[in-house]
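A.B. asks: Straight from TrEMBL, here's the annotation block:
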{"type": "DOMAIN", "residues": "27-90", "note": "domain 'SH3b'"}
{"type": "DOMAIN", "residues": "99-161", "note": "domain 'SH3b'"}
{"type": "DOMAIN", "residues": "251-312", "note": "domain 'SH3b'"}
{"type": "SIGNAL", "residues": "1-24", "note": "signal peptide"}
Amino acid sequence: MKKRNQLLVLVLLFTLILSLAAFAEEGRFLKVTAYGVNIRAGAGTDTDVIGRADFGDSFEVLQVADDWYQVRLAKGEVGWIHASLVQEGARFAAADRSIEEVEAKEPGVNVRGGASTSFEVVTTIGPGTRYLLLQKSGDWVQIRLPDERTGWVAAWLVNLSENKVKSTASSERQQATVIASQLNVRRAASLSSEVIGTLQQNEIVQVRTVREEGWLQIEYGEGVGYIASEYVRLPGQSVQSATTSPLDSSQPTLTLKAQVNLRTGPGTNFPVIETARTGSQFSILAKSGAWYQIAAGSEQKAWVAGWLVEVNGSLSGIREEQPTLDSSLRGTTIVLDAGHGGIDVGAIGRASGAFEKDLNLSLAQMLANKLITTGAHVVMTRADDRFLSLQGRVEIAEDNRADLFVSLHYNTHQDPSLSGSITFYHSEAGEDRRAAERVQQELVRSLGLPDLGARFGDYYVLRENQTPAILVETAFLTHVEDERHATDLAAQEKAAEGIFRGIVAVFEE
Ligand SMILES: [Zn+2]
């Protein structure tokens, strides 16, 4: 073994021991991810309820038995909570932590493989970026670099600053819950920024700053990341408490089977008024397709998705409003194909350097979130950054007996003045052309880029597909204004909304 390798092993071992020690110190904690959770005397629903916990409450874990956690309550008591209602993680440690960060005093500061100038330079850093301090050794400090790498810099070339990480026990601490099925975490507050991870629905994140233009800075891993604020619920957003709605005995009621968004209209395209808790009960005022209008307060009316509720009583006297925009999608299977992935980055944004693969995935996730809430069954050919063959993509559509395959891309052209959206189809005769025309029409209407039409395209994923299939080229990454639309969150949302409405139109006919 070479000397350098031996040293590397030593450093790695040391880092491991340090992180293990940190874990032991912090202990195991869990966070409650639902409202009105029962705390029981034992590990079973047949035991007494001895207390209640709410979303965001944090407890120390004493032991785990089957699907139950034993936790420490206030005043040293203990109780049991079911595992499905909590999320565990050492990062929810109750103690205040402070992290030290390192920032170079001047440009071009060498970062080396070890704590002396005899080690090779692995990279250089400059002012403006802070790195997490891992350890100190003499006049040297070890820092965490991007991509899980570490390196050493001379302490006299950097400034150290302490950054207090507040306890989750603090009520000032902002937490947000992910409401999308999946949500990208990015390195910066832009869609063109690198995706550093993915959050799942109901995951809780610690919000550091609420940025304008739809982004939140959150704690992620050892550092920070950025997420689109639209897909999380912040504690400030009111949550309707259970059974507060005035119930009229002559009217049918509904009970929410999950935490549900109350909207201004009968469809996921309408804004969310507030979120109501599981178990909340409301009077039904009207019906529209798969949606119910409810009395959300003494004055307020709102709409909820029918597949998220249980109806009590007869609906025979209930007025039926016009069918909704998206009720036609219930029960359909839509395959969303985020083009490229992994080593295949696709096109590269001229000004932003954004990879097409990342924009495609982000657009696919936005679209999936819209489709899922209408009751459509959505299958993603890829839900993360991975390489997938064209044949593999087509097989996913066929294995799922999909009703529609939608491949999502961003375009390039040698002529940088070419701007606009195109939707491609392969078969003139079948569903393909009609689907492409509908989606193209709504995409252009919503996004507002030039209409380059629904066109024939000889693409593998269209040609070799038994499923009705279209390929959307939302905008050109070689055109300045198009690229801005591609990498801007609000504009991408418009593109997703347009494609969504187009898909709805396909199934409405
Ligand atoms: Zn592409």
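Glycine is no exception: its Cβ is also placed from the backbone N, Cα and C atoms.
Automatic, uncurated: that is what TrEMBL annotation is.
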A.B. asks: Tell me the residue counts in helix, strand and coil for the domain 'SH3b' (27-90), as DSSP assigns them.
C.D. replies: 7 helix, 34 strand, 23 coil
A.B. asks: If you average the pLDDT over the domain 'SH3b' (251-312), what number do you get?
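C.D. replies: On average, pLDDT over the domain 'SH3b' (251-312) sits at 81.
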A.B. asks: DSSP-wise, what's the residue breakdown of the domain 'SH3b' (251-312) into helix, strand and coil?
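C.D. replies: Taking each residue of the domain 'SH3b' (251-312) in turn, the totals are 3 helix, 35 strand, 24 coil.
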A.B. asks: Is it possible to list how many residues within the domain 'SH3b' (99-161) are helical, extended or coil according to DSSP?
C.D. replies: 3 helix, 37 strand, 23 coil
